[in-house]
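First up is the structure itself, then whatever we jot down about it.
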Amino acid sequence: MAPHPVIEYTSESSWAMIEDKFSPYAKETLAKLIKFMEDEVLPAIRVAHSQLPTDPERRWKTVIPIIAELKEKAKKLGLWNLFLSKAHYPEHGVPLTNLEYAVMAEILGRAGHIGPEAVNCSAPDTGNMEVLARYGSLEQQKKWLIPLLSGDIRSAFAMTEKGVASSDATNIRTSIRREGDEIVINGHKWWISGAGDPRTKLHLVMGKSDPTNTNHYNQQSVVIVPADAPGVTVVRPMHVFGYDDAPEGHCEVIYENVRVPLGNLVLGWGRGFEIIQGRLGPGRIHHCMRSIGAAQASLDLMLERVTDPGRKTFGKYLYEHGYQGTVIADIAKSRAEIESARLLVLSAALQIDKYKAKGALKEIGIAKFVVPEMALTVIDRAIQAFGAEGISQDQELAGRWAGLRTLRIADGPDAVHIQQVGQRELRRGPGLVKKAAERKRKEGLLMEKAGIKGHL
């Protein structure tokens with residue numbers, strides 16, 4: 001039997017560790033996805049960038065034609081909503097585990113945002129679909145989830161606020177209050193991904209509905225706000241190192257006396273924290289696997305560059321120069337770091353499958369601060385090998401680096417995850433001290449029995 005084509009994109013060793021955990025359907029879907037990426041998506045990247053107008057107004061009103069074509073092709077191939085596991089969402093999901101999708105997410109990550117969008121696996125839609133599938137009422141699912149699953153509309157998730165330390169979500173100030181049969185929303189958000197897209201029809205907005213509740217984690221609620229509701233104003237797109245990420249964007253949004261029906265409340269009053277925790281776990285792993293794909297693609301570019309006969313200087317390949325001796329070391333380090341990060345994230349995905357996101361908090365937290373930093377380092381090495389071209393628009397490296405740098409802040413900054421993982425480790429301390437004391441006691445008995453006095 002021929003080896004699975006995935007080993008050309010990941011590694012034989014990592015695939016050997018997880019192959020027996022892949023169903024026949026998952027293996028077939030993964031092979032189909034790789035072929036789709038090779039034949040359709042990767043060749044379309046430059047076309048997609050060219051089809052986005054440079055005009056500052058038109059670029060926010062444009063649905064990129066070739067991406068729309070890719071989505072139709074992916075649907076026909078059955079490469080659609082791959083992130084939504086039937087094990088957790090029987091009615092709407094596909095028969096893939098988080099582990100199986102994690103490998104697919106790495107493949108998709110090689111094509112930036114275009115790969116995931118082509119198969120309807122783009123953030124923030126993925127997290128929003130999970131929220132609606134898990135917590136949404138039947139009416140909410142019919143009105144919003146089904147069109148999202150079909151790829152007919154897009155969405156935004158509005159939590160981060162201007163002038164507020166939003167990494168602590170208890171600080172959120174947006175007001176969500178009931179008036180009769182309506183909910184009234186007032187708030188000032190920013191960095192709201194997807195809010196600029198002309199296809200976006202709903203925002204999931206988190207705000208405070210019970211600010212005096214003694215339990216700070218029961219003060220927040222999540223409500224569905226139609227993107228065209230009166231009082232919703234998209235102020236401007238925020239730029240990431242100069243990139244505006246049109247047409248989706250990351251926008252500043254004001255909600256001023258926005259009124260929606262009471263039926264737009266998700267799950268119930270005061271359930272906001274429960275919703276966002278359920279939303280973030282799998283999403284963080286998806287981000288991490290896509291980041292590994294971006295790192296792997298960048299290492300591949302670096303290898304192409306340093307072994308290109310047309311790029312020789314003074315008659316030597318770049319990796320052959322004495323002053324470029326670090327190139328080989330950089331390649332080796334990048335390979336090792338990618339392999340390590342991949343195994344870490346696959347472990348987290350497996351934990352989610354076994355125990356859901358709540359049972360994989362440690363693994364998710366570690367991956368969240370390890371993987372983006374690794375990917376940034378790998379991409380930076382590739383940029384260095386390319387020289388000036390590496391930081392230009394003629395290569396994807398600068399855009400990849402800018403996008404990945406945001407992941408050290410988005411969904412909780414590194415410091416928060418490091419703190420949580422460290423605190424979790426400290427809980428092991430008392431048990432370790434107790435074991436050490438017991439070991440010392442047994443050691444003393446053995447020394448006494450052997451007639452040994454004092455310590456060796």
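Using N, Cα and C of the backbone, Cβ positions are placed for all residues, glycine too.
A quick note: this is a predicted structure, and the numbers were derived from the prediction, not measured.
Taken from TrEMBL, the feature domain 'Acyl-CoA dehydrogenase/oxidase N-terminal' applies to 61-152. When averaged over the domain 'Acyl-CoA dehydrogenase/oxidase N-terminal' (61-152), pLDDT in the model lands at 96.
Annotation comment: TrEMBL describes 156-258 as domain 'Acyl-CoA oxidase/dehydrogenase middle'. With DSSP classes pooled into helix, strand and coil, the tally for the domain 'Acyl-CoA oxidase/dehydrogenase middle' (156-258) is 6 helix, 54 strand, 43 coil.
Per TrEMBL, domain 'Acyl-CoA dehydrogenase/oxidase C-terminal' is recorded for 270-424.
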Ask   = Under the DSSP assignment, what numbers of helix, strand and coil residues are found in the domain 'Acyl-CoA dehydrogenase/oxidase N-terminal' (61-152)?
value = 56 helix, 2 strand, 34 coil
